[in-house]
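Encoded as structure tokens, the structure appears first; notes follow it.
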Amino acid sequence: MAEGSTLTEAPRVLRVALLGGGTVGSQVARILLDDAEALAARAGARLELVGIAVRNVDAPRDVELPRELYTTDAESLVASADLVIELMGGIEPARTHIIAALRRGASVVTGNKALLAQDGATLFDEADAHGAELNFEAAVAGAIPIIRPIRESLSGDRITRVLGIVNGTTNFILDAMDTTGAQFEDVLAEAQRLGYAEADPTADVEGLDAAAKAAILASLAFHTRVTLEDVRCEGITGVTASDIAAAQDAGMTIKLLAIAELVPAGAAGDGVSVRVHPTLLPAKHPLAAVRGAYNAVFVEAENAGALMFYGAGAGGAPTASAIMGDVVTTARRIIAGSPGRAGTTRTLPIVGLESVTTSYSIGLEVADEPGVLSRVAQVFADHGVSIETMRQKLEQKIGRGEVLPAAEEGAHGAGRAELRFVTHRASEAALAATVADIKNLDVVESVTSVLRVEGI
Ligand SMILES: NC(=O)c1ccc[n+]([C@@H]2O[C@H](COP(=O)([O-])OP(=O)(O)OC[C@H]3O[C@@H](n4cnc5c(N)ncnc54)[C@H](O)[C@@H]3O)[C@@H](O)[C@H]2O)c1
Ligand SMILES: N[C@@H](CCO)C(=O)O
Ligand code: NA
């Protein structure tokens, strides 16, 4: 405390501009107004909400707030603020407003994963150049504290892998498919009816929302720059009821995982692989227990071991909780006069899926006749892909190293059989070549699914 100051000194005031008054913004405004006393005590300054920028001042709203706070003039709000909370979403004009705030030396709190994943580097450079802070806990997994634990709590450790269920909509859909046995399209329609899925669900079901979060997590976990373009992304639209049933038969469940891991990149040392795709997980894996629209992030670090962060990944009040945590932390640092951001320290090569090994589950429809199994198995062997388990519909199962008796293999006569193979870890290239050759076998009717497997 400066010489001569006393505890009775008038509290400092920080002018807070809120850009966006929708699902999250309206809850943030409510907390700023309702909890003003407690927030002032924790932040060390009164947080004065000076305005809320919206598209339409007269739009109907769920949360009652003083009408005079609303404005369409975001630019003027930003020009007068010490701290800007950006909850408009989208790239522009959010990006322009954030840069304008940072250039004035005002700190910014945002939940905008799309913008951070596309152009975070520019924003962080602006923050660094002007001694301002840019915080974004709400951008990944909503209310769950995951950004700060990775940036701060684990900053003395070496994170090797992050596996996340970071999209609630797709987890809700996959969980409902798992519980009811229904097809994707039917569950999506029901999720839209219940308000769990957006009218335009593309960003969620195609994995793009999860990919943006994966890019942010990878950048922080590995102290390097990763953008949306670096993320290999596959959504859940191709997951069928029969994939889910086969997973259940094998004691597994299908989750849309965001996976970021350190992988060897030859002489260069470490590289980074970042991907989003439907993934088979054993039912005993902690992420398999994440139901409904919940999110969870599983972090593996050299010294901490495995950690799991779980909770609500979306929703107005939960996401506002993460925003407010950033607001109080940022306010404290403004008062203390010390921006606390630890910047990126290196640039690791992004490694494509062709260099990453993973286990696979492959479903086939084949002619049910003698010799089919050995011909399929030979194709795996030809490409050096080792089989961990094989299941045939009718509950015949070959475990590690066992061989199905020839008599049994031919016992069902003409007709079709469904085979499911799970492989040991193999490269994408070896797996693709195996699948292509299997498709060409005359005894194979079709390859019904190819899914990656984690946690076995
Ligand atoms: N909703 C969630 O559960 C959730 C969770 C995590 C992160 N986020 C992120 O938080 C942000 C806000 O999400 P939301 O769900 O509250 O959005 P929303 O669509 O409910 O609200 C957006 C608000 O921004 C205002 N706005 C948009 N464009 C504007 C413009 N050009 N000028 C002035 N005002 C404008 C709108 O009027 C509205 O008040 C997004 O970046 C989103 O990705 C949302
Ligand atoms: N659409 C996102 C909202 C949170 O980012 C989800 O389903 O998880
Ligand atoms: Na979060």
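Placement of Cβ uses the backbone N, Cα and C atoms for every residue, glycine included.
Annotations in TrEMBL come from automatic prediction, not curation.
Here is what TrEMBL says about this protein:
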BINDING   Leu19, Gly20, Gly21, Gly22, Thr23, Val24, Gly25, Ser26  NADP(+) binding site
BINDING   Lys113  NADPH binding site
BINDING   Glu198  L-homoserine binding site
ACT_SITE  Lys213  active site, proton donor
DOMAIN    361-452  domain 'ACT'
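Features recorded in TrEMBL, as mapped to the structure shown.
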| residue | record | contacts (Cβ under 8 Å, 6+ apart) |
| --- | --- | --- |
| Leu19 | NADP(+) binding site | Gly25, Ile52, Ala53, Ala74, Leu77, Val78, Val84, Ile85, Glu86, Leu87, Met88, Ala94, His97 |
| Gly20 | NADP(+) binding site | Ile52, Ala53, Val54, Glu86, Leu87, Met88, Gly89 |
| Gly21 | NADP(+) binding site | Ala29, Ile52, Ala53, Val54, Arg61, Leu65, Tyr70, Leu87 |
| Gly22 | NADP(+) binding site | Val54, Leu87, Gly89 |
| Thr23 | NADP(+) binding site | Gly315, Gly316, Thr319 |
| Ser26 | NADP(+) binding site | Arg61, Asp62, Val63, Leu65, Gly316 |
| Lys113 | NADPH binding site | Phe136, Ala139, Val140, Asp209, Ala212, Lys213, Ile216 |
| Glu198 | L-homoserine binding site | Thr169, Gln192, Asp204 |
For Thr23 (NADP(+) binding site), just give me the three-state DSSP call.
helix
If you draw a 10 Å sphere around the Cβ of Val24 (NADP(+) binding site), how many other Cβ atoms fall inside it, taking every protein chain shown into account?
25
Would you count the other CB atoms within 10 A of the CB of Lys213 (active site, proton donor), including those on all shown protein chains?
29
Determine which residues of the same chain, besides Leu19, Gly20, Gly21, Gly22, Thr23, Val24, Gly25, Ser26, have their CB within 8 A of the center of the CB atoms at the recorded NADP(+) site, and list them by sequence.
Leu18, Gln27, Val28, Ala29, Ile52, Val54, Leu87, Met88
Looking at the domain 'ACT' (361-452) alone, can you tell me the average pLDDT?
83
Just counting, how many other CB atoms are there within 10 A of the CB of Gly25 (NADP(+) binding site)?
27
Going through the binding-site residues Gly20, Thr23, Glu198 in sequence order, which have a CB under 6 Å from an atom of ligand 1?
Gly20, Thr23
